[in-house]
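Visitor: Sending over a structure as structure tokens; questions will come in a sec.
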Amino acid sequence: MNWRTIIYVILLASLTVVKALPRSYRDTEKKTSIGQRFSQLQENHFKAIAMIMFAQYVPGGTFGRAVKMAEDVTDLAKRCAAAARDSPDCLKPLDRIFLDAICQEENLPSFTDCCAKKDPERNDCFLSLKNSSRGFVSPFERPNAEAACKNHSQHQHPFAGYFTYEVSRRHPLLYAPTILSVAIRYDEMLKNCCGSAEDPTGNPEECFRRQAPKVMKPVKEDGLRQEHTCGILKKFGERTLKALKLAQISQKFPKADFATVNKLVTDVANMHKDCCRGDMLDCMHEREEILHYVCTNQDILSSKIRKCCEKPLLQRSECIVNAENDDRPAGLSPHVREFIEDKGICDRFAQEKDMHLARFLYEYSRRHPEFSAQMLLRIGKGYEDLLKECCKAGAPENCCSRGEEELKKHIYETESVMKTSCDIYKEKGDYYFQNELLMSFTKKMPQLTSAELIKFTKQMTTIGSKCCQLSQDKLLPCAEESLDLVLGEICRRHLTDPINPGVCQCCSSSYAFRRPCMGKLETDENYVPLSLTPGLFTFHEDLCTTEEEKLQHKKQEMLVTLIKYKPHISQEQLTSVTAAFTAMRERCCREENRQACFGREGPELIKRSEKMLSA
């Protein structure tokens, strides 16, 4: 059976795929054997997951090697299921069998050190390598449409299997069912775009160009979310991740009691720890257990997830995450004054600090779906700081009463920032709003490349277009939680290649206050501006393009360079330089020899602009 068929079968099968997944070697005494797992999963399920795991563990290998290792392990599993279940090889934990298979392969020198260790140290070593392999392989390029269609029509190449392998090796921590579902979409795209030998489509390349981004969207979005969550866990620790999940789950399921929400928070945090370590089997198993718990306890959790729980497993998790928050219980006051006015709060804070703070965050979050999770964490931190101060010996009797006033002030400031940003977006539109962001972020982070600055500000502009049209009660969760993903990406960029001390402070000090910290950053005064060299500003006839998107991109590249050259440029100076550039462009684009005109007028523009900027 070829790999295309295998991928189809695994997705169309029942939920036993994940329910039967084994736990890691840490739970060896509770696990059934590889033969029993093979019987539960069936051959196609087992082989597809094995291939993903090998591709993720050995991203520098070949497709053929990943397939061979997957088939070898599957053959062992088949033998163990048939008759040899008492063989020592059949009694090994599945994780160990996978690593043994890798260590038996020749010409894999990068794994020599890991293979010399004993479990569980060997497993930890492999997981460390898996984490460090992200970015090792170049991004997956869309294949040549003609060649892909030829392979597809002749069935000469197991394309769904090959695609699965290529995505897996580029995303060593990505959830396996996500990869499998994208492989199916990719195969469907081939069918749609390639047609048949008797009835070929008119333009496969155009079809690929149009459909490929939609096909790859889950890989990009799930991968970004996973990297983001793992980044929070790695930088700020389990306590911060649990607080974030507590706020989000309390908003999602406001009718659930604290014990139920706390159980879900613990389970979700444990799942993320395994997913972020690269323990794919544990990650898949725990996610399925959480989904099973949520869907079998809808009556105490939410009335909004019934349709999600009826969906196939692959679609269920995303559906629940994106489902509406359940309705708040009737009569639930918006205030939690008992956490301020109760005379026993200092005793409770002293006796069970984290649990008391968790109860406050739970009660406040379930009452306020209109706040972002990050804002709720800031409110929780403000409450903690208030108790630390007011529970000291000698603190004024009415010390806690000022907490409500400070809370109102923070809420007002946060909502004002978002409202102001949306007002600017609505006034200026996508392009000019992005230009405002480009000027701001180039001054804050001039060490970033033009491409990075344009990418990040484009993402922020997309947030404006998505969130600023929403009602006031949905604006803040949409805007700040989306912006948090972009800021997380900037901070991960900073970890790999430090930007500047200001960004370092914002990325390191507090997760909850990361967005306000970035907002308060000003021009990096330690940055040495670019020198005015002959090649700093160049003008070519491609500025006469009629494709507005390309022209805007070129103008934004020049804007970034201008800010890096003159970080303290005033708005008046910028307006003058922009007007002079626009006049030159229009004049040269009307001439017959455009390049000669730019060659003549460009240096003159730079001289005039230098005078304007020196004034």
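Using N, Cα and C of the backbone, Cβ positions are placed for all residues, glycine too.
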Visitor: C597 has a disulfide partner in TrEMBL; which of C544, C588 is it?
Guide: C588
Visitor: Based on the record in TrEMBL, give the one of C390, C467, C468 in a disulfide bond with C422.
Guide: C468
Visitor: Regarding the disulphide bond with C506, report which of C504, C517 TrEMBL records as its partner.
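Guide: So the cysteine that TrEMBL bonds to C506 would be C517.
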Visitor: In TrEMBL, C194 sits in a disulfide bond; tell me which of C115, C125, C149 is on the other end.
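Guide: Checking TrEMBL, the candidate bonded to C194 through a disulfide is C149.
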Visitor: Cβ-Cβ under 8 Å from C588 (disulfide bond), same chain, 6 or more residues apart: which ones?
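Guide: Listed in sequence order, they are F539, E541, L543, C544, R594, C597, F598, E601.
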Visitor: Using C-alpha atoms, which one of the disulfide-bonded residues C80, C276, C295, C346 comes nearest to C207 (disulfide bond)?
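Guide: Nearest in space to C207 (disulfide bond), counting only the disulfide-bonded residues, is C276.
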